[in-house]
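What follows is one structure encoded as structure tokens, with my remarks underneath.
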Amino acid sequence: MKFGIISIFPEMFKAINDFGVTARAIKDSKVSISCFNPRDYTTDRHATVDDTSFGGGAGMVMKYQPLSAAIEDAKNTLGCGTKVVYLSPQGSIFNHRKAQELLQNDSLILLCGRYEGVDERLIQDYVDEEISVGDFVLSGGELPAMLVMDSLIRLLPEVLGNKESVVEDSFYDGLLDYPHYTKPAVLPNGNAVPDVLLSGNHKEIAKWRRKQKLIRTYERRKDLIECLCLSAKDKQILDDYKIDKVSTKGEE
């Protein structure tokens with residue numbers, strides 16, 4: 001997969017290039033990243049990429065000309081049909097489903113805004129989709145872009161050493177992940193790993209993990225549960241959990 005990054009701070013993307021799973025994917029030629037700095041496409045000696053906002057107001061707005069030139073160059077490099085995604089608080093929320101949708105593209109151009117944002121006319125002329133990573137505001141689009149890239153890269157075939165790592169992740173099946181434990185089996189304070197995980201009975205372990213995924217999602221993200229078509233067995237697990245929870249409260 002190919003990424004084109006439009007950013008005035010391309011150095012920030014060394015984190016993607018140099019560390020962890022994403023760095024390994026780049027080294028193995030499963031991913032390529034090209035950065036296009038709008039300052040390189042300016043026409044004045046100060047390399048100006050922003051200006052004041054028409055109508056007044058605080059903050060500066062990123063200019064149309066250098067951004068459009070950077071996007072055009074990115075399209076020439078990655079392909080004229082490459083989808084342009086603008087990382088913006090006004091965009092649709094990024095989630096696992098959106099990640100899978102974006103994976104259908106062989107290449108993506110990620111536009112990272114700064115200041116108060118970009119000239120609206122650039123969005124009208126070049127942006128195919130606006131994506132937000134949450135209902136909060138950051139200083140720029142670079143961190144959201146890296147978040148999106150990391151999420152997509154780890155979903156690519158053969159990027160993770162164990163393909164089960166992707167299948168068992170939170171949100172892959174619409175549920176949160178189950179609890180994980182490692183050695184020692186018992187901590188000095190007596191807190192122990194659930195016995196079933198030490199039993200070696202893979203069928204019972206799978207049942208326990210499914211139950212934990214359902215309960216954890218119900219407790220922390222009921223909105224996800226409401227969007228799923230649960231099996232009769234899954235529904236029974238949750239019904240039993242709710243009954244046990246009420247009974248436990250009644251005994252307190």
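For all residues, glycine too, the Cβ spot is worked out from N, Cα and C.
Some features that Swiss-Prot has for this protein:
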{"type": "BINDING", "residues": "Gly113, Val133, Gly134, Asp135, Phe136, Val137, Leu138", "note": "S-adenosyl-L-methionine binding site"}
For Gly134 (S-adenosyl-L-methionine binding site), the same-chain residues 6+ apart in sequence with C-beta under 8 angstroms from its C-beta are Ile93
Quick check on the binding-site residues Gly113, Val133, Val137, Leu138: which one has the highest count of other Cβ atoms within 10 Å of its Cβ? Gly113
Could you give the maximum C-alpha to C-alpha distance in Å for the residues Gly113, Val133, Gly134, Asp135, Phe136, Val137, Leu138 that bind S-adenosyl-L-methionine per the record? 16
Other C-beta atoms within 10 angstroms of the C-beta of Phe136 (S-adenosyl-L-methionine binding site) total 7
